[in-house]
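Chemist: Structure below; questions to follow.
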Amino acid sequence: MTLRDLTTRSTDTATRRTLLVLAVVAVSALVLDQLSKYLVVSSMTEGERIPVLGEFLVLFYVRNPGAAFSFAEGATWIFSLLAAAVSITIIVLARRIRSKLWAVVFGLLLGGVLGNLTDRLFREPSFGLGHVVDFISTPWMLPAIYNVADIAIVVSMAIFILLTILGVGIDGTRAKNSDDAEVGTGNADDVTEGDDAASDRRDRNPATTSATDPSVDPQEPKA
């Protein structure tokens with residue numbers, strides 16, 4: 001077995017692992033989202049408000065035709081198309097992911113997007129125009145009402161920003177620090193400049209050259 005075969009096998013193994021992580025996270029987020037919505041729809045009436053921890057956490061069942069956190073109501077079909085496009089893009093690019101953290105990011109994003117897309121496709125009033133079930137209210141933090149899918153999307157974006165700041169690529173490698181590269185270049189330049197200066201001094205002082213180089217005879221032959 002050649003080194004190339006070993007590298008290919010290692011890459012395939014890493015790909016399978018990250019795909020598994022992505023799939024498990026996405027399915028978990030989707031199932032948790034749809035299960036929580038099912039419980040809310042089956043046990044609460046629309047508009048009902050149940051304080052769980054006072055005003056810190058309230059269950060408030062509403063139907064949202066817009067985007068996450070009840071934004072942009074009235075553009076349901078646009079968000080249905082965008083959600084479908086995002087889902088397809090993640091699935092297509094999934095095999096390029098080598099980092100488990102990035103697999104978690106895209107898994108949460110995919111699960112959240114699919115959670116709300118499922119509502120838009122299969123809930124009333126019609127296919128592709130369905131209203132998303134929102135039921136989590138935290139008035140102290142946000143005036144909007146949201147759901148588990150929205151939380152998954154927001155968490156994925158937070159991890160996305162963190163990994164980007166840290167310079168972690170989707171292949172699991174970290175980008176080199178540009179400052180370190182500049183320091184290394186500066187040190188090399190200093191060494192080069194030092195060599196040039198020493199060479200100039202030797203040219204101006206032959207005695208120094210002869211002292212440091214035994215092959216050079218300091219005595220000039222007399223005519």
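The backbone N, Cα and C atoms fix where each Cβ goes, glycine too.
TrEMBL: automatically predicted annotations, no manual curation.
Sharing the record's features from TrEMBL:
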type: ACT_SITE; residues: Asp134; note: active site
type: ACT_SITE; residues: Asp150; note: active site
type: REGION; residues: 177-223; note: region 'Disordered'
type: TRANSMEM; residues: 20-40; note: transmembrane segment
type: TRANSMEM; residues: 77-94; note: transmembrane segment
type: TRANSMEM; residues: 101-118; note: transmembrane segment
type: TRANSMEM; residues: 144-168; note: transmembrane segment
Chemist: Report, as numbers and ranges, every residue of the chain located at least six residues beyond the transmembrane segment (77-94) whose Cβ falls under 8 Å of a Cβ in that stretch; write 'none' if there are none.
Modeler: 18-19, 22, 66-67, 106, 109-110, 113-114, 116-117, 120-121, 128-129
Chemist: For the transmembrane segment (20-40), could you work out the same-chain residues 6 or more beyond its ends whose Cβ comes under 8 Å from its Cβ atoms?
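Modeler: Apart from its flanks, the transmembrane segment (20-40) reaches 59, 61, 94, 97, 100, 103-104, 106-108, 110-112, 114-116, 118-119, 133, 135, 147-149, 152.
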Chemist: What same-chain residues lie close to the transmembrane segment (144-168): Cβ under 8 Å, and 6 or more beyond its ends?
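Modeler: Here the qualifying positions are 29-30, 32-33, 36-37, 60, 62, 64, 68-71, 99, 101-102, 104-109, 111-116, 132-137, 174-175, 177.
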Chemist: What is the number of other Cβ atoms found within 10 Å of the Cβ of Asp150 (active site)?
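Modeler: A 10 Å sphere around the Cβ of Asp150 (active site) contains 24 other Cβ atoms.
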Chemist: Any idea what the Cα distance is from Asp150 (active site) over to Asp134 (active site), rounded to a whole Å?
Modeler: 9
Chemist: Within 10 angstroms of the C-beta of Asp134 (active site), what count of other C-beta atoms is obtained when all protein chains are considered?
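Modeler: Result for Asp134 (active site): 25 neighbouring Cβ atoms inside 10 Å.
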